[in-house]
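Annotated features, as they stand in Swiss-Prot:
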ACT_SITE  69  active site, proton acceptor
SITE      12  site 'Important for substrate specificity'
SITE      70  site 'Important for substrate specificity'
SITE      154  site 'Important for substrate specificity'
């Protein structure tokens, strides 16, 4: 089995990939994540997921490299990680009572034969109407500065929602495992037939 490389330093993506019980390593890709002018969210996340995987290709021949990138769209505008409290407040104020769509790009690059598979998964988050006290209380408790959309759905962020809609809930956290499993099987790596990590 070719070794897997997760082109990410995200602890969330690492924890998701561990669910598949396959051996893998992580490495930080050097990529410019600046959106191109007028670039749609779907194209942006697919381009960045591919760029992350390809950034590590020279270091990992004969490997399967997984790249992923995520943005959310609030009121038609691409939104990324807030990085600070004031931006997170604005993002949650904009999301209050709205449907926010998350776009997660996923790439699997086989450096042995240079084949590449790329897709985009979407996931809709319907926010309930939030008071300023709820927004402040949430942000002070969870501090989601490195999370697109300013929340952690796997934590207290679940209290912000009215409902969720999408094919794979892992997509919302940053790594679409259903799509990734399909890509891995196409490359001859089936999580159910490979010896699991102990």
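Each Cβ is built from the backbone N, Cα and C atoms, and glycine gets one as well.
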Those residues of the chain, 6+ apart, with a Cβ under 8 Å from that of residue 154 (site 'Important for substrate specificity'): 12, 173
Residue among recorded positions 12, 69, 70 with least C-beta crowding, 10 angstrom cut-off: 12
